[in-house]
Amino acid sequence: MPPPPAKPALNPPLLPLASLPSPRALPPARLHRLSPEKRPRRLSSAAVSAAASTSSSADPSAELRALCSHGQLAQALWLLESSAEPPDEDAYVALFRLCEWRRAVEPGLRACAHADDRHAWFGLRLGNAMLSMIIRFGETWHAWRVFAKMPEAGCWRVFSWNVMVGGYGKAGLLEEALDLYHRMMWAGVRPDVYTFPCVLRSCGGVPDWEMGREVHAHVIRFGFGGEVDVLNALMTMYAKCGDALAARKVFDGMTVMDCISWNAMIAGHFENGECNTGLELFLTMLEDEVQPNLMTITSVTVASGLLSDICFAKEMHGLAVKRGFATDVAFCNSLIQMYASLGMMGQAKTVFSRMDARDAMSWTAMISGYEKNGFPDRALEVYALMGVNNVSPDDITIASALAACACLGRLDVGVKLHELAESKGFMSYIVVANALLEMYAKSKHIDKAIEVFKYMPEKDVVSWSSMIAGFCFNHRNFEALYYFRHMLVDVKPNSVTFIAALAACAATGALRSGKEIHAHVLRCGIESEGYLPNALIDLYVKCGQTGYAWAQFCAHGAKDVVSWNIMLGGFVAHGHGDTALSFFNQMVKTGECPDEVTFVALLCACSRGGMVKEGWELFHSMTEKYSILPNLKHYACMVDLLSRVGRLTEAYNFISEMPITPDAAVWGALLNGCRIHRNVELGELAAKYVFELEPNDAGYYVLLCDLYADAGRWDKLSRVRKTMRDKGLDHDSGCSWVEVKGVVHAFLTDDESHPQIREINTVLEGIYERMKASDCGPVESHSPEDKEVSKDDIFCGHSERLAVAFGLISTAPGTPVSVTKNQYTCQSCHRILKMISNIVRRDIIVRDSKELHHFKDGSCTCGDEGYS
């Protein structure tokens, strides 16, 4: 089809019939042609002889009509192509109608090619028959060529336009259908009652509310405001464009309504999230004694599952059984969706198992239901059974199965689903591509997700949000922010996008970028939507801005337990254990019930503050007062609490008496306590259990190295270092980030590439000199023999010194410097940063892989725990 003209206003005067482009101006037709030797022959020789003799003695047009009336398509097509004279218009029309009825695409296109060769122009009756057939086949290019060869006048011309507009709409070419409607109006063709439903369906499919409003004006202008079919289409259009109020005005103004009218309005409310209003209208329909049909019951059944009203849902099930719909496949599918929405997968399974016949939607509803209700393993089991029953999956099936793979980390099944989606041509479906993005990201194959994202023909907000969240999940936070900035050019982010972007800012300490995103959230007016308020609190807490976090917490009206937990964690991270306990008491007074995460934060506060008595009280109150069974994290916190204060034997006995098997974190807490108090023997025992459970975790090897280094056991430290090298666990470079004027600067260990490295080194050398003058020189190694065994140089890298120094020379005096690091802060760096905070009188916040350090006036919020 040639490019459509610019869209004119929809209220032109009725002009004389405008001429369409000549056929020569159109793209070349693609009418199907077969050489004579390739044309199928399905007649016996006797039949051929009889047909030939008949055609020679009788009227071929009459014979062709007779064959078509008896449904003998093959004979009719042979007669058409073997006759020397072309048949008349009625014969052609009969043949086209037979092909359309039979859905015989190839014979229909051959007949169309025959007519095209022998007619320079088509009469309206012949052209309309050809159009109807070709449009039914979805051959819009062929239809355009036929349309252009038809006369431009006649009372039946509107039928041709209706066929074209409706055909383009059914083929999914909605904008092209609306452009055709523009041409129809400017050609002076008056629309009829069949035109408007076609056009309005296209308006709703785009959706284009403004165009729909103008078409509504045309409905009134041409006197079709009382036609039920037109008004039903108007309601559907407004509902799909998100204007349920306008749809209801149309409905309330109707003097005559049929069941389709009620269905359209009820479904319109459901589509716009007005489930209660839709159900009220359904009850009104029953009160008015309008009999609902299968479509009504199916629509209401699905919607009732969204209201979490089990009683009403069961009443709908009973109503459907009473009216005889319970055996219909479509209704049973809606029942499965309803029960799945209510979390009643047992009932959904019962409905599914009792179905006499199941289609792809039945299987998909079960797979999706299991996945969304937290049973991804069962979802994949049902998917496997679907294959055993030889049911071909559709795009929604594959997307649901991919979501289950993402939950389980089943990359093997996910890759096979990817291959299946490619073979079936589903990769162009955005729902499948988005599911693939999430599956690869959660399976730690973010590069494959990038590849899928790159080749997606179109990307929506879910696509971008999945990529940003995927980068965060794979600890590639800078790339997450890079994608977020590029997304803003074309796609409007939603709350999920902002949450992922804020998580990336929190992970990198990008406070200024986080504030910019906060401002964007406020401009969008969604600051109270979903998890966003908590994501903002988390950002400010992790960036060390407890004042901002508190302000956000107070501004957040509807606080949940997550909000309280984030603030509790912030107080603990900043070393305010007493404040955390007071805050917990305030939380309980407000009526908020604590959960497992709450007690993890509280026990950590007790551990950091050495509050053994308070820790035991909280640990016992979990079960006795709040009915929360302690999990491994709570036990690890208690071991850490006892170990930090030097009660190592008590901590070991506590582990031995645990009702559940201790994990590596529990033994690691004991190992850390042994490091602090230099108990090599018990530390080695704890390390033995740790390495049996987590043989490849570098952090625990670091703890053991710390223990040996602090105890001067350099021989054993060298053996641990050799083990780490053999396992490839000591190759991660130290890296620190600092944000200056909205730009995040990264510093690697021994990196001299920064353009201001000379100024940075000058600042550090000056600080070292002042420390030496005050007998507080930096501690670089425990052993003068070999720098290789220095745990400070190996496991710290000192990259935070470079980041802090750059922050000092790049920010205004008096402002805090906030640094994020991927490894732990060594004793030497800890002492240097304390000294810097005292010399420059500035707050320095360093969040390393273990905890948050807030240096101020020569002290740290960690209380020098483990750094003495």
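The count begins at 1 with the first shown residue.
Quick reminder: no glycine exception, Cβ is built from N, Cα and C everywhere.
Feature annotation (TrEMBL): of 1-54, 703-756, the stretch labelled region 'Disordered' is 1-54.
Beyond the ends of the repeat 'PPR' (595-625), by six or more residues, the same chain brings 561-562, 564-565, 568-569, 571-572, 575, 577-578, 580-581, 584, 587, 631, 633-634, 637-638, 640-642, 644-645, 647, 862-863, 865 to within a C-beta distance below 8 angstroms of the stretch.
A Cβ distance under 8 Å defines the sequence-distant neighbours of the repeat 'PPR' (359-393), meaning residues of its chain 6+ beyond its ends; these are 329-330, 332-333, 336-337, 339-340, 343, 345, 348-349, 352, 400-401, 403-405, 407-408, 410, 413, 420.
Within its own chain, the repeat 'PPR' (429-463) has Cβ neighbours under 8 Å at 395-396, 398-400, 402-403, 405-407, 409-411, 414, 417-418, 421, 469-471, 473-474, 476, 491-494, 496-497, counting only residues six or more beyond its boundaries. Confidence in the repeat 'PPR' (595-625), given as mean pLDDT, stands at 93. Shown for the repeat 'PPR' (595-625): DSSP residue counts in helix, strand and coil, namely 27 helix, 0 strand, 4 coil. In the repeat 'PPR' (359-393), helix, strand and coil residues by DSSP number 26 helix, 0 strand, 9 coil.
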